[in-house]
Amino acid sequence: MRTSAIKDLKQQLSLYFVAGTMNCDSPEAFERILLQAIQGGVTAFQFREKGAKSLRGEKRLEIANRAKQICREHGVLFIVNDDLELMKSVDADGLHVGQKDGDLKTIREATKGKILGVSAHTLAEAEDAVSKGADYIGVGPIYQTASKEDAEEPVGVARIKEFLMNHINLPLVGIGGITIKNVSEVILAGADGAAVISALSGVDSPEEASRKMSKIIQSAKRDV
Ligand SMILES: Cc1ncc(COP(=O)(O)OP(=O)(O)O)c(N)n1
Ligand SMILES: Cc1nc(C(=O)O)sc1CCOP(=O)(O)O
Ligand SMILES: [Mg+2]
């Protein structure tokens, strides 16, 4: 990736909303929440339709297409979680994979021309992701999270600082337990963005929460 493209991606990942219909009361609520969160300032969205209550088949494809449409209309990056075939079917901007989602070299080959995000919990995983051509890294869980059943132990913002001290220069996105109250700490530690599920999907006003979070992130970025 060119330096200017990395800089653009760092900005585009500032407030990264991750969600699926199972994080909301219904598919209709999912669309409404996504739109409101975008209106408040979300800059990237990851379609993570996963787990027991998630949609399958045609319905899943339909909702993914609608979410992509909403993102495109508002200039928001649209990333698909885990599912390469779905990413291709909806022509998303990219794919996000974790350490257990397959061989990274093969996934990189299959996502040429798309943004590839990779989760890293340790420095060794981050270095591996860099060497295999990831475009950004999701680091976490920064704090305790209730949104992911198989989450690792929290690593704290120290892990972000460790990556930076060891010259991991890709865009870094913190994830896991990030809220309005602690997001500034994540950005001040050096992350380029914050990825959240419950802070935007589990609130009365996703627009207001998103607006507040977005302001805090932009202001913390000026202080780094
Ligand atoms: C931005 C971002 N960072 C990390 C993750 C977690 O990915 P993974 O470890 O593959 O877990 P699942 O989300 O697939 O359950 C993410 N999704 N997004
Ligand atoms: C999807 C996901 N991945 C994580 C990781 O550590 O890789 S933590 C997480 C859940 C984030 O949800 P919330 O913002 O509600 O804590
Ligand atoms: Mg995954």
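For all residues, glycine too, the Cβ spot is worked out from N, Cα and C.
Summarising the annotation, TrEMBL assigns 4-amino-2-methyl-5-(diphosphooxymethyl)pyrimidine binding site to Gln46, Phe47, Arg48, Glu49, Lys50, Asn81, Ser119, Lys148. Summarising the environment of Lys50 (4-amino-2-methyl-5-(diphosphooxymethyl)pyrimidine binding site), the number of other Cβ atoms within 10 Å of its Cβ, over all protein chains shown, is 15.
If you look up TrEMBL, you'll see Asp82, Asp101 marked as Mg(2+) binding site. DSSP classifies Asp82 (Mg(2+) binding site) as coil under the three-state reduction.
Positions annotated as domain 'Thiamine phosphate synthase/TenI' by TrEMBL: 15-200.
If you draw a 10 Å sphere around the CB of Ser119 (4-amino-2-methyl-5-(diphosphooxymethyl)pyrimidine binding site), it holds 23 other CB atoms from the protein chains shown. Contact annotation for binding-site residues (Glu49, Asp101, Ser119) versus ligand 3: Asp101, each with CB under 6 Å from a ligand atom. Within the set of binding-site residues Phe47, Asn81, Asp82, Asp101, Ser119, Asn81, Asp82, Asp101, Ser119 have a CB atom less than 6 Å from some atom of ligand 1. A simple way to gauge crowding: the CB of Glu49 (4-amino-2-methyl-5-(diphosphooxymethyl)pyrimidine binding site) has 25 other CB atoms within 10 angstroms, across all the protein chains here. Ligand 2 lies under 6 Å from the Cβ of Ser119, Lys148, out of the binding-site residues Phe47, Glu49, Asp101, Ser119, Lys148. Long-range C-beta contacts of Phe47 (4-amino-2-methyl-5-(diphosphooxymethyl)pyrimidine binding site), restricted to its own chain and to partners at least six residues apart, with a cutoff below 8 Å, comprise Ala19, Gly20, Ile63, Ala64, Ala67, Lys68, Phe78, Ile79, Val80, Asn81, Leu86, Ala92.
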